[in-house]
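Each remark here refers to the structure printed beneath this line.
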Amino acid sequence: MTPLLRTICAILCILIAVPLTFACPTKAGVSKQANKRPTYAIAHMVLDRKGLKDAIKNGANSVEIDIAAYKEGWWADHDIRGRSWGDSLEDMFKAVAKESKNIAFVWLDLKTPDMCSGATCNKDVLDPSKCKPKDKCSMNSLQELAQKILNPAGVRILYGFFGAGATDSAGFNYIQGNLKAGEAVCLSGEVENVLNVYKKKGRGVKPQQRVMDYGYTQLETGFGNCKEKGYNTCAGLRNGAKARDKGDVKRVFGWTSRVGDGERVGQLLDKAHVDGIIYGFAITRYYDHEDSRAAARDITQRVQKSDDRYMATGADKPW
């Protein structure tokens with residue numbers, strides 16, 4: 001073989017070997033991301049547009065909004081005593097829609113008049129189950145508002161029902177039978193109980209639209225060591241994650257992490273394998289503060305150091 005032919009053969013061998021040795025950068029990147037779990041830092045008690053901006057600035061990619069019904073419509077409101085009013089839900093939704101690149105979903109924590117009794121209660125709060133479908137205080141109107149503003153922006157919607165009697169309400173019955181695109185339902189408790197409620201009362205909720213949460217206002221209360229069979233927060237969420245991996249539920253969230261909960265956050269992510277954590281203050285609306293920033297960093301920095309997680313964006317669809 002002449003030197004020229006040997007040179008040509010050598011070049012051809014290199015050209016043939018290159019694509020076999022080096023994978024396509026684009027596909028490799030997608031594959032690497034696909035093997036990681038999108039993780040959600042959910043800002044707790046976001047009741048106004050300033051709180052939303054602060055949460056995003058601190059690193060949140062999802063927000064939990066406590067809501068209550070009034071004759072004028074739905075409002076961000078936590079304790080329905082007239083002292084925790086925030087912005088109208090319409091204004092909140094519009095603000096979230098503008099941040100759709102950063103916010104993956106909105107968790108709507110539905111409050112009811114049953115939470116408040118006595119002379120100090122806000123008598124203007126209405127029971128949405130007793131509102132007519134066309135009334136602004138109805139569940140129908142709430143869903144229409146979410147579908148009108150959030151769904152077109154690609155922001156997912158999570159209806160949360162927490163507390164005694166919540167799943168016996170007409171509001172829950174309506175939502176479980178009328179879920180639309182981009183919507184899911186969240187029930188709180190140990191996974192066996194949650195699945196039992198879905199089976200008996202929420203048959204309209206498909207497994208891919210089922211979400212469960214478990215926790216306590218102060219995360220350290222009843223947290224456990226993640227090795228128990230159940231009951232304790234970490235073990236209960238670990239059991240939920242196992243059910244998720246079987247396809248019984250779509251997402252599993254824990255709550256509420258605050259400043260100083262870094263070790264417990266790590267356990268929820270690494271041992272309980274949750275999809276996300278509600279963080280912030282225990283009983284105060286969300287705002288920018290060194291404590292809320294620290295609580296957010298506990299999640300975001302842990303995820304950044306992880307080999308199998310990444311912080312979700314608006315492009316990630318949790319359900």
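Note: Cβ is positioned from N, Cα and C throughout, glycine not excepted.
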Record-annotated Mg(2+) site (Swiss-Prot): member among Asp109, Asp124, Asp127, Asp135 besides Glu64, Asp66: Asp109
Segment assigned the feature motif 'SMD-tail' in Swiss-Prot (from 72-79, 208-215, 296-303, 312-319): 312-319
Neighbouring C-beta atoms (10 Å sphere around the C-beta of Asp66 (Mg(2+) binding site)): 23
Euclidean distance between Cα atoms of His44 (active site) and Glu64 (Mg(2+) binding site), Å: 5
Confidence summary for the motif 'SMD-tail' (312-319), mean pLDDT rounded: 98
CB-centroid shell, 8 A cutoff, Mg(2+) site Glu64, Asp66, Asp109, site residues removed: His44, Met45, Val46, Ile65, Ile67, His78, Trp107, Leu108, Lys111, Gly160
